Amino acid sequence: MADPWQKAYDFAVEVAREAGEEIRKAGECEMKVQTKSSTVDLVTKTDERVEKIIIRALKGEFGDGAFIGEESVANGQPCVLSDKPTWIIDPVDGTTNFVHGFPFVAVSIAFAVNKELEFGVVYSCLEDKMYKARKGKGAFCNDEPIQVSDVEEIKKSIIISEHGTDRRKEVVTKIFSTMQKILCIPVHGLRGSGTAATNMCLVATGAVEAFFEIGIHCWDIAAGAVIVQEAGGVLMDVDGGPFDLMSRRMVSANNKKIADRIIKEIEAFDVTRDDAPVQKKE
Ligand SMILES: O=P([O-])([O-])O[C@@H]1[C@H](O)[C@H](O)[C@@H](O)[C@H](O)[C@H]1O
Ligand SMILES: [Mg+2]
């Protein structure tokens, strides 16, 4: 078959749109907020319900496959990327925004085969922007082609980063020290939308030059990774090495010059890989 994944790609776009509709409706209702890894790592019934809707739809169309979903992993499912065709899902990226009514919330669905990302779909559902990209076929927002910015001078850039959910003082100190150094290069500005998936789409459209974060998960960035690359951008590790989806560290940028300049300023801290063996409780 010449193009084995086109049907899956088209279907993912439809599923993301339906999931976004559910999120929009749920945002108008009272919500019960719970916490996960820390008191600032939030989850709602909508995150869990929307993930189930997405997985049920994908299984209904393509049968049982491999899935890495944020809420399934939180409930004890394995988080290992194998060579099998694998769906990587964040049902609600920007849960804190969703809870507070801050208007950037995204559905993120990616698909990998042989550990390589084939396509990614990010639906920024409150803005009604459907971002999508397939390996080798370009990146789009609402069906219009998108491209990264051509800025090469860091002093003419806007950079995005996030604070994540780790509030240990030594971690927060490193995050702010990095941001301070980047701000003082000086860059035109620092931003953050509160959703990693949307941040990557902002790199892909050229609205900003780069987005970096330590502490994100594979489901936050898998779809965005394809979108950034297909829009002409680059992905790297925060130490300048190759991008590793499961490492929880990433720099995405419009070009290598901007990425390298940011990497010079990043003060890294340790995070546990997404695919680290789960420690069994005694
Ligand atoms: O929990 P969630 O809202 O799906 O995802 C979070 C968002 O993408 C946020 O922008 C990023 O800073 C965090 O690292 C993520 O965990
Ligand atoms: Mg997320």
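Placement of Cβ uses the backbone N, Cα and C atoms for every residue, glycine included.
Automated prediction, rather than curation, is the source of TrEMBL annotations.
For the recorded site, Glu70 (Mg(2+) 1 binding site), the DSSP three-state label reads helix. In sequence order, Asp47, Glu51, Ile89, Asp90, Pro91, His217, Trp219 make up the list of same-chain residues 6 or more apart from Glu70 (Mg(2+) 1 binding site) whose Cβ falls under 8 Å from its Cβ. Positions annotated as Mg(2+) 1 binding site by TrEMBL: Glu70.
Per TrEMBL, the feature Mg(2+) 2 binding site maps to Asp90, Asp93, Asp220. Here the Cβ of Asp90 (Mg(2+) 2 binding site) has 33 other Cβ atoms within 10 Å, regardless of which shown protein chain they belong to.
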I want to check the contact list for Asp220 (Mg(2+) 2 binding site): same chain, sequence separation of six or more, C-beta distance under 8 angstroms. What comes out? Asp90, Asp93, Ser108, Thr195, Ala196, Ala197
For the recorded Mg(2+) 2 site formed by Asp90, Asp93, Asp220, name the remaining residues of the chain with Cβ within 8 Å of the site's Cβ center, in chain order. Glu70, Val92, Gly94, Ala106, Ser108, Thr195, Ala196, Ala197, Ile216, His217, Trp219, Ile221
